[in-house]
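Just passing along the structure, written as structure tokens.
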Amino acid sequence: MASIAMTSSFSLVAISILALLLCNVKATVETQGSECDAMSFIDEDIGNCRRLRTLGAELGWRYNMSVPNVTVDIVFGAKPEEEGGWIAWGLNPGKRPQMVGTRALIAFMGANGTVEVLTYNVTADAKHGCKLRPSAIEIKVENARANYSAKTGAITMSARLSLDPSSYNITNLKHVWQVGSCVIDRVPLMHALRLKSFDSFEKIDLTSARGFMHRGLTMQRYAHGILSVIGWGILLPMGVIFKRYSKVCESEGSCGSAAVIKRQRMWFMVHVAFQMSAYTVGATAWGIGIALMSNSRHFKTFKGHRNIGIIIFCLATLQMTALCLKPVTKEKDKGKFDSRRKWNVYHHLVGYTLIILAIVNILKGFAILQPPYAWKWIYVAVLATLACVALGLEIASWAADRSGRTADGVRVVAVGKTKPTTLIRSLYDAGHRCFGENYAQELVDKAPQLPSDIGWHFIGHLQSNKVKSLLAAVPNLDMIESVDSEKIASHLNRAVASLGRNPLKVLVQVNTSGEESKSGVEPARCLELAKHVKFSCPNLIFSGLMTIGMPDYTSTPENFRALWNCRADVCSALVVPEKQYELSMGMSGDFEKAIEMGSTNVRIGSTIFGPREYPKKNQPID
């Protein structure tokens, strides 16, 4: 539910931003007249002028309502794409302003060094690649002339036009303009295939100096661009950052604090919410893009952008579908290259590919749409910020990996030895789920009185005759930390098999202090026992090493360092990374030092439950 709520919130934010950015787009794009540089070509007062909305073009005019035709003096100026290029302006008598059907004036530098102005009738043949040659048009054109400015590189042309009011209404003239790069034998070559070239048309009212273009196409473009940036370009990488740098509870029934598990799951739901939001917003943008392709004959020109967009949508849909098919790692498969790890490799590979393609395509979109200059750099700044955050977290993650530690990498086993179940239940109600006991019978008595989702650890010396009864009475026994001989390991292996239990996690206990009163194998025999558990006890999972420091904690650093060295020897012999196996060391009096020296599992009793009296005949474990 939280994921759905967050998805709705992100989608609402995206829609709100889109509405805010488009709220100033009216039913038509309208521009008033303004002072134009091109008018300096004409000595006399031309009357009205305006800067056109694309290609840096300018148009000036003066009209005379004569009979039977209206006389219009026009001045048009623009900068060709290259030196030796051409500029064009024309009127279309059809229902809409477009290239095909336009009666055009085209100016270019002639072979003799002067600028020529010729008339052209732009037919559908030119659209299909035929040469556009000079031709007569039904509009009477007089005094056509042009000049070239070496200073600005612009060409300006002027002419007097005689317009038939039945075909050309000066309050609703459909006019088109264009620039190109080259002219060969008075044949202008094709202009660049770019959006601003396709947008070089509008309707104009010569009496009010206003130009109009229907808002629909423009709004679709901006909606497509804005939603793509928000969905694929921002929310998607943010979701990946949340996933990569937050700790997610990957295993079922792991022993640990319920508060930690809840927090981990919350971060995972944040990741899912971001990805669902990215997909929702991005898919909406993709749908608008599909509509643009179907509604405009020009969008087939941008094949690269279109094809990458289709790939992005397909990969994103695949990712969302795969999320529902995410496999769960079984306990017996941990440490293997199981289906979950294969799924992770696939999911991460597709996810990072998706982000790279999205960024590339958004930048291509900026090049096509050419919105206000600041938009692109704002997005680049957002990407740079996300990259800096990811880099900082990656460095922190790398440092954590180097030290073998993570934020939630230390398990606290609350040892309730001699304490009533009411105290244990109080800690359980506060959110803790990992508890330990020293005596088999005490654990057998307490476990049935407490919730079944507790992960019990047995941390005391275990006798062979207690093995089967302990395993049978405590089905939620998560780990035995005190395997100190091949004999007890073999008993445990047989008991697990006979009871039909899942494989049981065990730690090998090492006597690092050398005290005779302590249980545990000698450090020199640690590897031998570890190999026996791993290779001869298929119903046990070798999970690491455990030690107990001296009662007065005077040799704590040496004890802990010895256990660290034992793990290094075991991991080297078994050819596995050291962080794969746990170190259980540290109790109420020395757990801070133990954590500092690499412990992943601390056993704390009196600090949590208060001091207690130990039977004199037993060596205290905690």
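Quick reminder: no glycine exception, Cβ is built from N, Cα and C everywhere.
Note that the coordinates shown come from a computational prediction; the quantities given were computed from them, not determined experimentally.
According to TrEMBL, the record shows the following:
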{"type": "SIGNAL", "residues": "1-27", "note": "signal peptide"}
{"type": "DOMAIN", "residues": "55-180", "note": "domain 'DOMON'"}
{"type": "DOMAIN", "residues": "187-402", "note": "domain 'Cytochrome b561'"}
{"type": "TRANSMEM", "residues": "222-242", "note": "transmembrane segment"}
{"type": "TRANSMEM", "residues": "267-288", "note": "transmembrane segment"}
{"type": "TRANSMEM", "residues": "308-328", "note": "transmembrane segment"}
{"type": "TRANSMEM", "residues": "349-369", "note": "transmembrane segment"}
{"type": "TRANSMEM", "residues": "375-396", "note": "transmembrane segment"}
{"type": "MOD_RES", "residues": "K417", "note": "N6-(pyridoxal phosphate)lysine"}
Within the domain 'DOMON' (55-180) only, compute the mean pLDDT.
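Averaging the confidence scores along the domain 'DOMON' (55-180) gives 89.
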Looking only at residues six or more beyond either end of the transmembrane segment (349-369), which have a C-beta under 8 A from one in the stretch?
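Distant contacts of the transmembrane segment (349-369): 194-195, 221-222, 224-225, 228-229, 232-233, 236-237, 240, 282, 302, 304-305, 308-309, 311-312, 315-316, 318-319, 322, 375-376, 379, 383.
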Using DSSP, how many residues of the domain 'DOMON' (55-180) fall into helix, strand and coil, respectively?
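The counts are 4 helix, 62 strand, 60 coil.
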